[in-house]
Amino acid sequence: MSSSPSIAQEFLATITPYVEYCQENYTKWYYFIPLVILSLNLISMLHTKYLERKFKAKPLAVYVQDYTFCLITPLVLIYYKSKGTVMQFACDLWDKNLIVSDPKAKTIGLKILGIPLIETKDPENVKAILATQFNDFSLGTRHDFLYSLLGDGIFTLDGAGWKHSRTMLRPQFAREQVSHVKLLEPHMQVLFKHIRKHHGQTFDIQELFFRLTVDSATEFLLGESAESLRDESVGLTPTTKDFDGRNEFADAFNYSQTNQAYRFLLQQMYWILNGSEFRKSIAIVHKFADHYVQKALELTDEDLEKKEGYVFLFELAKQTRDPKVLRDQLLNILVAGRDTTAGLLSFLFFELSRNPEIFAKLREEIENKFGLGQDARVEEISFETLKSCEYLKAVINETLRIYPSVPHNFRVATRNTTLPRGGGEGGLSPIAIKKGQVVMYTILATHRDKDIYGEDAYVFRPERWFEPETRKLGWAYVPFNGGPRICLGQQFALTEASYVTVRLLQEFGNLKQDPNTEYPPKLQNTLTLSLFEGAEVQMYLIL
């Protein structure tokens, strides 16, 4: 027999005197509030014990206690987020035992605003959530707190809606689409102008990368670049027609995403953060997208077929004429197309600027493959030749290991189920997961786990990707998620990041960082990861 009856008997023995007292003072209804809370906790406890017996699971090995009625945890997270250290705090929970008492624990239980959560960095649990037990988990509240900005798109939908979105979008990321690197070159020429104007002085290259990727992403998605890099500081003006809301789009998009990240921390209480500035930003973003959607809808099927070149929105308009569907999918892909690549490039050049030996080794490979400076053979850079650059791939892999684009995510159980690890001695036994329970997985912590990557897990070392152990990582390395929801735009992001890196190292022979720059850097986590304080670097021309 289970221990549940003894738990119940002990509970009843504890509360019986209290119940008798409440009966004598029945007019004072508030005496019953603690009784209700205790009863609900007992029911939850008994349900957990029942599931553990049913699934042959063990109790969670590590549970974080919050003695402030679960109110302090979200405040702590919001504080650290405002300082750019929330993701470092998430890693320190495990590595420095800030809250987790067992240094070997990879799965813990905690509560936020009274809501029980599971937090894991265990690759086996990540594999279960994303792949082997995919149908046991859904996006939960993600649709609710992202809907106001992204609507019903591939990143917010579950079930049949998600499958339909994926079927509709998959052809748009076929190899022939993502391999057209030559479309990036005009944007690179403008980027070069911005870097040269600093004459070797310190500047924030992250800000330029975000402008570069929004320009290239809008050209790919809309057929018309936002041309945010073309400004008076480099003697250029946009060549495309201006319209109301265009100039405000980038700032509004950034603000709305930042606000969404805070809503994520509050989980079911996300609706608290819905201020006027947030709503105004969303309206600007929607107006920007609607402008292009309307232009696409004004084209007949015959017009669309006659269009030369590839434009994501036009191809999508051949499948649906619903303006909301077009806007929602467009914004979902724009988040990934702009932010993922910009973040990757920013972290890559941040690390190269403080690791001159890695920078030199990468330039040597690029010189051998494509030449440098006046001898650069730009016409030889292609999807195929970029894939043959082994050290470049290692540098990108290492960047995505230490700084994964989506460092923290969650799912919600759709049924009573289990996770393979986290219970019993050493946390190696299965644990029971209740229907509706939130399970968070922190890929940033997985990618920096010393049990997996060794004592130098926090060190930027691309050479590890040539070692036999690293080639057997499996679910310990998932920079683009995994399973059925693996990122459709993975090759798009990797190809663009590779091309930009090669072209910058062909053009600039020196890359430095202020020796007083803080390390590890503070991290900004909105829907994707970026540098909280930018990437301040110095770049010099090849002479």
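Cβ atoms are placed via backbone N, Cα and C, with glycine included.
The annotation topological domain 'Lumenal' is assigned in Swiss-Prot to 1-28 on the grounds of a curator's inference. Per-residue confidence over the topological domain 'Lumenal' (1-28) averages 58 (mean pLDDT, predicted model).
If you look up Swiss-Prot, you'll see 29-48 marked as transmembrane segment.
The topological domain 'Cytoplasmic' feature in Swiss-Prot is assigned to 49-543.
The secondary structure of Cys487 (heme binding site), as reduced to three states from DSSP, is coil rather than helix or strand. Feature annotation from Swiss-Prot assigns heme binding site to Cys487.
Of all Cβ atoms in the shown protein chains, 19 besides its own fall within 10 Å of the Cβ of Cys487 (heme binding site).
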